[in-house]
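Engineer: Here it is, the structure in full.
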Amino acid sequence: MHNNGRMLGVIGGSGFYTFFGSDTRTVNSDTPYGQPSAPITIGTIGVHDVAFLPRHGAHHQYSAHAVPYRANMWALRALGVRRVFGPCAVGSLDPELEPGAVVVPDQLVDRTSGRADTYFDFGGVHAAFADPYCPTLRAAVTGLPGVVDGGTMVVIQGPRFSTRAESQWFAAAGCNLVNMTGYPEAVLARELELCYAAIALVTDVDAGVAAGDGVKAADVFAAFGENIELLKRLVRAAIDRVADERTCTHCQHHAGVPLPFELP
């Protein structure tokens with residue numbers, strides 16, 4: 001493995017529990033916020049060392065509202081990760097975005113409640129979040145064939161799916177995708193000055209958009225399973241397009257602000 005101090009991170013979503021073949025090592029991490037969802041596996045993709053963490057645990061132990069998001073992001077940064085891809089499953093609120101589509105959102109709407117979504121409970125630290133995703137990492141994915149560039153992802157609390165009225169409300173507000181894990185993952189990355197981009201795989205058309213019985217968990221997992229190898233190939237291809245040196249300044253915004261503690 002390379003040891004260039006420029007490790008990338010990948011946080012796998014539902015059904016995305018492994019990423020590498022052989023030649024890996026596993027790191028058991030502990031953080032001020034507890035342990036992450038699973039041990040972190042480190043392998044190599046092209047010229048990059050990559051740290052992989054399954055968001056929901058190795059066996060999907062954590063539902064979306066219960067994922068230890070703060071521990072996950074802290075553990076990755078403590079390993080030296082500064083750039084993170086977050087593949088995830090999403091429902092479509094746009095009839096033109098059909099199951100199997102891969103979308104790289106550029107905006108986010110938070111409709112969660114009660115999640116631990118900051119490291120800075122004390123001190124005057126306020127994350128710049130107007131553009132929640134790293135433009136440099138987004139470009140690494142949107143430059144790939146067949147990927148949809150842009151869209152607004154609304155993040156709901158879960159673990160239940162949306163009602164028809166909620167889906168129609170989200171769509172009328174201009175949201176294109178609905179998901180359960182994109183927040184607080186994105187804002188915690190920003191607080192830790194990590195570059196972060198979501199890679200959203202559409203698994204279903206949401207209840208308020210399509211006729212029928214609505215979204216069922218079994219159908220979501222089945223659709224993700226059918227497309228998981230495609231998604232992994234896209235993530236690997238995106239990693240190959242990431243520069244060796246981190247050049248993005250968009251996600252580094254704490255300069256001149258006294259932090260209540262040192263970042264790992």
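Using N, Cα and C of the backbone, Cβ positions are placed for all residues, glycine too.
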Engineer: S14, R55, H56 bind phosphate according to Swiss-Prot; which of T152, T163, T181 goes with them?
Structural biologist: T181
Engineer: Which secondary structure state does DSSP assign to A217 (site 'Important for substrate specificity'), in the simple three-class scheme?
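Structural biologist: The three-state answer is helix.
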Engineer: Sequence gap of 6 or more, C-beta under 8 Å: which same-chain residues meet both conditions with respect to H56 (phosphate binding site)?
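Structural biologist: Residues satisfying the criterion: G13, S14, Y17, S37, Y62, S63, A64, V67.
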Engineer: Any idea which of the binding-site residues S14, T181 has the thinnest Cβ neighbourhood at 10 Å?
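Structural biologist: If we count Cβ atoms within 10 Å for the binding-site residues S14, T181, the smallest count is at S14.
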Engineer: Taking the centroid of the Cβ atoms of S14, R55, H56, T181 as the phosphate site, which other residues of that chain lie with their Cβ within 8 Å of it, listed in sequence order?
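Structural biologist: Along the chain, the qualifying residues are G12, G13, F16, P54, H60, Y62, A64, V67, C88, A89, M180.
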